[in-house]
Amino acid sequence: MSRYNPKEVEPKWQQAWSEAKAFETKDDSAQKKYFVLEMFPYPSGRIHIGHVRNYAMGDVIARYKKACGFNVLHPMGWDAFGMPAENAAMQTGSHPAKWTRSNIEIMRDQLKQMGLSIDWSREFATCDPEYYVHQQRMFLDFWKRGFAYRKESMVNWDPVDQTVLANEQVIDGKGWRSGAPVERRTLSQWFFKITDEADDLLAALDDGRLAGWPENVRTMQKNWIGRSKGLEMKFRFVDGTNAPTGQKDGIEVFTTRPDTLYGASFVAISPDHPIAAALAQNDSGLAGFIAECQKTGTSEEAIEKAEKRGYKLPLEMAHPFDDRKLPVYVANFVLMGYGTGAVFGCPAHDQRDLDFARKYDLPVPPVVLPQDADPTTFTIENESYVGPGAIYNSDFLNGLDTKEAIAKAIAKIEEMGLGKGTTQYRLRDWGVSRQRYWGCPIPAIHCEKCGIVPVPEKDLPVILPEEADFSVPGNPLDRHPTWKHVDCPECGAKARRETDTCDTFVDSSWYFARFASQPESKPVDPKIADYWLPVDQYIGGIEHAILHLLYARYFTRMMKQSGYLTVDEPFANLFTQGMVVHETYRDEKGNWVLPEDVIIEKGTARRLDDGSSVKIGPIEKMSKSKKNVVSPEAIAAQYGADAARWFMLSDSPPERDVEWTDSGVEGAWRLINRVWDTVSAGASAAQNVDLSKPNVTDADKPLRQATHSAIAGITDDIEHFRFNKAIARVYEFLNALKKADKGAGDWAKAEALSALARLISPFIPHLAEECWAVLGGKGLVCDAPWPIADRELLAKDELMIGVQVNGKRRGEIAVAADADKDTVEQVALSDETIKRHIDGLTIRKVVVVPGRIVNIVAN
RNA sequence: GCGGACGUGGUGGAAUUGGUAUACACAACAGACUUAAAAUCUGUCGAGCUACGCUCAUGCGGGUUCAAGUCCCGCCGUCCGCACCA
């Protein structure tokens, strides 16, 4: 018996699949479809073990669904635009396109070596002009429809790298790459009006449209959208107040607690509020205060520690309901980005306002009385009261509960013409402008006379210039000698091309639709896209729970409203898989050490080269910086792709993190050999069996039961994404096969092996093909139908059920599966062991749960 | 602070609706084969005890139930997300 050799077997079957075009999918609308998609990779250079886990999961689903008779679409492509390519260009001088293309070549080969059932004929990269031309086409469409627009917005500007930074790229007020203090700048940028869809994006999370999504992702999106209902209202300047010129007659504030309006004791505005800026022009103290506020970091920690601070303005506001005059402060805790950038302070019922009021010695009038509190003695000390209660000290609101008072206060303010009830979102419009080279150019032209005009459709695509200078920071498109100089398409005068490119999240917001249908002349053919969409199963990392998944949901809505698609939710079922983690190692000098350079014996680790001791650190997400990575190529070279795939799916539930261990992959390798040994030992007998002509005896029953319960169990486990359990059942089946082997006839053995080959094929497809071939199976196992469990065999004639006395398990009895309760009770009561336990006791009650358990209550 | 998830052997984990807790694997130990090792195969493997059996074990403390890892209440701990959001 020859040892299984994946180095020969795996490439052989990969070629066979490719030659048979086994996974090339037809747009056959007569057949029921299944679209399975894993989040497409960024071509960073090589695939990592996390990719293997992600794609192995998708491949199990894809191969299983194909075997079940679905028309399966399982495509692959490349999220190819983005910063790393440009950084590489800056560091090594290699052009981003060249760098990206060569990474794609390498990674495509690596993925093919994993034996994934992918329709490679649909492959594309987002940096292909054939892809992004349609993105530009849609951009123009969205612009025309008002979904895309330009506005001035405050950005983090890195003066050294000459670029806009995302909030996550600002660390302690400094650029993450350059280390230079970040400036705030106002730039005119392109935005998508995602806030227009906020309500529907939110509603779909709850109304069943996303029933196939994990609860935690839906919750995260809900919080991210962050809807709150309240009142937007104006506080008027007191007569005689010297209001800044250009300002209207008051300050707009937003509140969710208009019921506490009588508790107001000040008004506070954000340091970024236009009124603050206007007053700062003639007040250097204020200007200094604002500058200081802007310096404080936006990190969690900085916010936690930041003291509530304010700067009193020479303004006074009139209380809307009585004749109090309220002071106005610029306060560091008021955010310009939420609501109107101004609030009224109600210290008794808001902790921040209370901290502020104590510091600046402002009044703290309570207006909400907790239940059972005494109105004459209730006071606020250092903790505000934010709970429910009855309104008091509040004239026309007195006696109402919070909810009623909110409604009445809003009605009153509306009646007074000072404001109206509104809904606020935490979600901001999606800024898509990036001042980078390696992205999809935004198809617009700036003309002095005509303003910003769209690039005419006949001039699309706007293609990136091949030559560009990456030697200095900044946007290579902006400083390109010729690219941006064009004539205005409307008046013909000299004009300037838009040099912003799209956020790469735009590229990944519709790629799934392009996989479904890729006509030359338009983004998608609606009829074909309609057949394939939505994606039936989407699989990816939890790190995309908010941004990518929200943007794709929004983009799909824009596409629907523009007539490209008919679905509004792109992903019917979402699965977020866990990470691959590994121990970390550091040598005596504190340097990180690669696992392949470490040898571990009896719990102590040392370097492989010089034998010096190595400290084993915590198990963490694999990262290049901590060197706790393993190379999928090395694993595949040693054990084959099947072993790597098998191990990635065994042990841990798919949604949880899995720890990579050498013993784990060795265990997978053992399994592969066990399967091969079992199958090749039975192959010659099986080849002579005609499975279509059953030939069984009673002696075959144990084996056939093992076979059919394996089929039933593994099917159910795959359907429910329990790959670790499915794998455990394969082991159980193998164990049972070995035990039952001797008594069973050739037909039952052949049936078992045939089922085994098909059951493992989603997980370890190369070995499955090899087994299928030696067993004499027809064609390829990847084209073979999924085995079907015989229900009759699953129903056992006799069951072993537990017997409890007073809730404690005391014995076990064998009863016929269809025995009635009385019979079961009699068998239990006459069991010798049970008799001993109830000896001398009076039986009060006997609970019989058919097929499960008997419990005798006695004392 | 708000929201969510989780807590079971030496380890990863299983236990469908409340119904025989610890499937399956890893590690460990013993044995077979071998001159030897590796590989492979067989067996043992929650803890304790006065061991043919009994007692105790699913983070801790209560509760409901004939029966609780599972349901309810209160703690403790770990992880994740969001956060001066008015």
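Yeah, the Cβs are placed from backbone N, Cα and C, and that goes for glycine too.
Among the ranges A:41-51, A:426-436, A:470-480, A:690-700, the one that TrEMBL lists as motif ''HIGH' region' is A:41-51.
Segment annotation: TrEMBL labels motif ''KMSKS' region' over residues A:621-625 (candidates A:611-615, A:621-625, A:716-720). Relative to the domain 'Methionyl/Leucyl tRNA synthetase' (A:39-170), the listed stretch A:427-604 leads the set A:222-412, A:427-604, A:700-822 in CB pairs under 8 A. Annotation for A:Lys624 (ATP binding site): no spatial neighbours, criterion Cβ-Cβ under 8 Å with sequence separation of six or more.
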